[in-house]
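Student: Please find one structure pasted underneath; my questions will follow.
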Amino acid sequence: MSSHESPRLLFVHAHPDDETLTTGGTIAHYVARSAEVHVVTCTLGEEGEVIGERYAQLAVDHADQLGGYRIAELTAALQSLGLRGPRYLGGAGHWRDSGMAGTPSRGRQRWVDADLDEAVGALVAVIGEVRPHVVVTYDPNGGYGHPDHIQTHVVTTRAVAAAPEAVGWTVPKFYWTVTAISAMTAGLQALGDVPSEWIRVNAEDIPFGFGDDQIDAVVDVTAELPAKVGAMRAHATQITVAPDGRAFALSNNIALPVLGEEHYVLVSGEAGPRDSRGWETDLLAGLDLE
């Protein structure tokens, strides 16, 4: 790497709001430290459920205009995190949000049905352009099993593997963004007052997450919570944030904590120094950027 090279990170996400919910604090953290941060979004999020009545008729079973509206939400969210406007894989609208398992096709190519050679090639081209030191996407289950998240995992994994030969760039560190069961448990237990219509749950009711022994890295995003919460509020058709900014809910009204840490599993590359828990505290740890 060249002398005094600026660190470059690439986050690959399925829909608008995923970048904020899973990695928003990390994005803001590295932007604040003058890293070059890129976010690629694979669909417009057309199949999302809409919170509230104001824009409810944008949904797929009415005007089917939600995807276009969510471009503005994603733009505002990225600005809150310190970035410019969105970048969509293949161009805005090239692949459609697939919806949850069992959602019917809407007449355009769904992301879950994307030709893998085309999709991987598009992301390889981004990797060749950005030459990221770190790439982040979902685990094989897509976090919670959403078909588009799983497809994003497959495409990103194949693109990282293909990039050395295709564009001459080997990604030094490749991570999955994951939920730490311990952090979620503590966050749920610490929840204060939430809107009366929200549903409180226990950690055992959330069917995904990783144990501490499976986690390789954590980023303390406490200082970035105002930026993350601002980005969450920008995704107003998808996320409701509690007045105090410490909890949020999606369209299912399940109360979830806004956590001050974001957790990762290192898939490939050499880990840097680890703390007493065995975790890196910097996704760039171990990289020689001088």
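Backbone N, Cα and C define each Cβ position, glycine as well.
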Student: His15, Asp18 bind Zn(2+) in Swiss-Prot, but which of His149, His153, His263 does that record place at the same site?
Tutor: His149
Student: Tell me the Cβ contacts of Asp18 (Zn(2+) binding site) under 8 Å, same chain only and six or more apart in sequence, or just say none.
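Tutor: Residues satisfying the criterion: Thr41, His149.
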Student: Might you list, by sequence position, any residue in that chain lying six or more from His15 (Zn(2+) binding site) with a Cβ less than 8 Å away from its Cβ?
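Tutor: Looking at Cβ-Cβ distances below 8 Å from His15 (Zn(2+) binding site), excluding near sequence neighbours, one finds Thr41, Cys42, Thr43, Leu44, Gly45, Gly48, Arg70, Asp97, Asp148.
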